[in-house]
Amino acid sequence: MAMPSYSSLSSHISITTTHTRPHPIFPCYYDTQSIPRFFISSDTGSSASKQRNIYLRLGSRKIIAGVGEGATSLSSHSDKMKTDSFPDPKLAKRDFPPGFWKDDIIDSIMSSNKVAAADEERVETLISEIKSMFRGMGDGETTPSAYDTAWVAKIPALDGSDHPHFPQTLQWILLNQLKDGSWGEEHHFLTYDRLLATLACIITLTVWRTGKTQVQKGIEFFKKHAGMMEDEADHRQPSGFEFVFPAMINEAKSLCLDLPYELPFIKQIIKKREAKLKRIPTDLLYTVPTIFLYYLEGLQEIVEWHKIIKLQSKDGSFLSSPASTAAVFMSTGNTKCLEFLNFVLMKFGNHAPCHYPIDLLERLWAVDTVQRLGIDRYFKEEIKEALDYIYSHWGERGIGWARENPVADIGVTAMGLRILRLNGYNVSSDVLRTFRDENGEFFSFMGQTERGVIDMLNLNRCSHVAFPGETVMEEAKHCTERYLWNALEDVDALDKWGLKKNIRGEVEYALKYPWLRSLPRLEARSYIENYGPNDAWLGKTMYIMPYINNGKYLELAKLDFNNVQSIHQKELRELRRWWKSSGFAELNFTRDRVAEIFFSIASSMFEPELATCRAVYTKSTICTVILDDLYDAHGSVEDIKLFNEAVKRWDLFLLDRMPEHIKICFLGLYNLVNEIAEEGRKRQGRDVLGYIRNLWEIQLETFMKEAEWSEAKYVPSFHEYIETASVSIAGATLVLFGVLFTGEVLTDHILSQIDYRSKFAYLMGLTGRLINDTKTYQAERGEGEVASAIQCYMKDHPEFSEEEALKQIYTLMENALADLKEEFLKAKDVPDKCKRLVFDYARSMQLFYQQGDGFTLAPNMEIKQHVKKILFEPVP
């Protein structure tokens, strides 16, 4: 029997929970004005006394809330309670791995990793300088290209005199030969690139019968290094190298330059070019813009110039290439070509770049850089201006590296689609269909079948922001994953279009932690380690883009990361103190995961101003974990019914009837709720106590329901299970506490978009529950638990094996995650920070349970290393 689709399943699983009380929104169900406010104080008496009283003040009355031997004090200065003073013989102690992040471990790591406090003045200076870079983005900043400058310098004077039309470019060549006799990017060396640029400059100087010394030095360099081309990897070849290099070799031969024409590699590449020229479809060459326009100087013997002019860009160039445009001008005299070249020289003075303009690529990569480095919050206005510019040039077939570029680039288009969609722009994934061949494979440019690692990485990252039903995005995901895994198997997994510091590290991270299974601070830490401020780019020649690769970005990212980390460390210490002072450290049936819980929220809502949000979320999660463990390991249904009743009545006088461990739990919850309510009232401008209590009652009812199932060994239907378990996972409860402290005043309408009534909250809970169950059901079954998504699904479908049921659950989860993405990206009425909190809770669940039970077993799993890197280990 086939599994029902996610859409059909969600149609009969209620989006809301079925409770008798209204849903937890304002106005509250409870008459909050009639509920007394209790404030904690403690009176431990003499140090010798065994009796400790906890007092809660109601107005001027002092009520004894806990009396007797072993009663709990919330004061951090009270006597430490011994666990063995109140064992419940019926309470099942669970064998959890002990917490790793104890105070001594934390103190030891922090003391050994001390870094100097961030220089606030330096931070402000860097922010100002980077803002200036964004504001200065015009047509694109890039370094000189000796190769393109040589082609422009070949253009003869229009008056027929024996001089170059652009003499300043010839002078630039004479003055910019490197010490080793070559021309090219001084601080990066690729044999192909250096020889190509050097050959172009030698030819131009020879044409103009000048610079004999430079020509001779260039020839010597060429002879010395030409044999090295055979050993350099093919994907280090500049774009169009197989066309332009052999063409220049032929020209050099006609000029009688003394070069090693008989080298096997040179003979081989000449033959390769001849074969490729025969395969170029002429109908394609002249009818639609293709990447061939980028290197027309290497195709001169086959080009019909009067036809190719029809594909000229509006700015007069051919794919923004000065060299290609110069070649067309020398063959046609086209005035628009000359206008473009004049414009380039007006901009750069005495040289030409590899591309001009390159405005779209520069803006997109700059935005991507600050976002991935985790410093984008400083540049919101600049990012919006850049993205508005990109969007204004967005086309139904994608975009290229420049606004007038008629050939779309898959790397730029994929990055644009992803970033625009993540920032709320309406863009269709249909643009990706432009880049598919007849076999369904994706290519980089029209007319070229080769692909680069960076292009495929950008396409892969783009595929993870797909909406349900976007088949082209799903196909892109599968295609790029296959390509990237294969690239990693190559020892030289380098890129076709760029020389990045650690492209292998970027690919490994993207494949291991895709967007739905990553968190912002994790990605920032990874990219800080992989980002190269001196990375080079490879077009027809090598070039640098200083507004994309710049040490200022990295310096700010490091200062900011370490500063935020130091703030988080102080917060974690306070939370550890609260954990102990609340008596939770003495409970023997629960898990000490304070650091892991704090990591999950600090990796998402990391900004310093969200400290209260982090504290509330962490404390609430700790209480949820404790109560979940209490209900799972309950001594009796009666005890937890009493706990539920106390929460409903909010009645401290029920404490005397509670076992000591339950008393600790209730007092901890009671004081936390009051703390949150008081702070929430200040932030929201209205009473939120009833709202918070209502959330806890809903949460505890689901815990109670699951405890009853366990007690009765009852396996519910899948529908019944999901209705309860998608709430018991506690995602909605936790984020609904947290959203009160995101800096927004929340209306009833906003809350209705993210509370239990919303599809957003339902999908968050559903995906969290399903990933949790897939990784914990076997261990919990061994402890006597009978209800999980897998077991309940098998009850409904006895024809399925456990393995088959597990696959169906994974399919359901992936479909639900796709719907969750759509809710996140399309929600317009919810403030961004509120959306982030909801969505990143779901992402954190996927991260923690990616390989196993990363929460319970966190001390023994990779989560431990994540916690260390984000919370304790500064960036050097």
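A Cβ is built for glycine as well, from the same backbone N, Cα and C atoms used for every other residue.
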Residues flagged as motif 'DDXXD motif' in Swiss-Prot, choosing from 88-92, 423-427, 628-632: 628-632
Within-chain partners of the motif 'DDXXD motif' (628-632) [C-beta distance under 8 Å, separation at least 6 from its ends]: 94, 589-591, 640, 643, 661-662, 665, 703-704, 706-707, 710, 728, 730, 785
Residues in the motif 'DDXXD motif' (628-632) grouped by DSSP into helix, strand and remaining coil: 5 helix, 0 strand, 0 coil
Non-site residues, in chain order, whose CB comes within 8 A of the mean position of the CB atoms of Asn772, Thr776, Glu780 at Mg(2+) 3: Asp773, Lys775, Tyr777, Ala779, Ser788, Asp853
Alpha-carbon distance [Asp628 (Mg(2+) 2 binding site); Asn772 (Mg(2+) 3 binding site)] in Å: 14
Overall pLDDT for the motif 'DDXXD motif' (628-632), taken as the rounded mean: 89
Between Asp632 (Mg(2+) 2 binding site) and Thr776 (Mg(2+) 3 binding site), the C-alpha gap once rounded to whole angstrom: 14
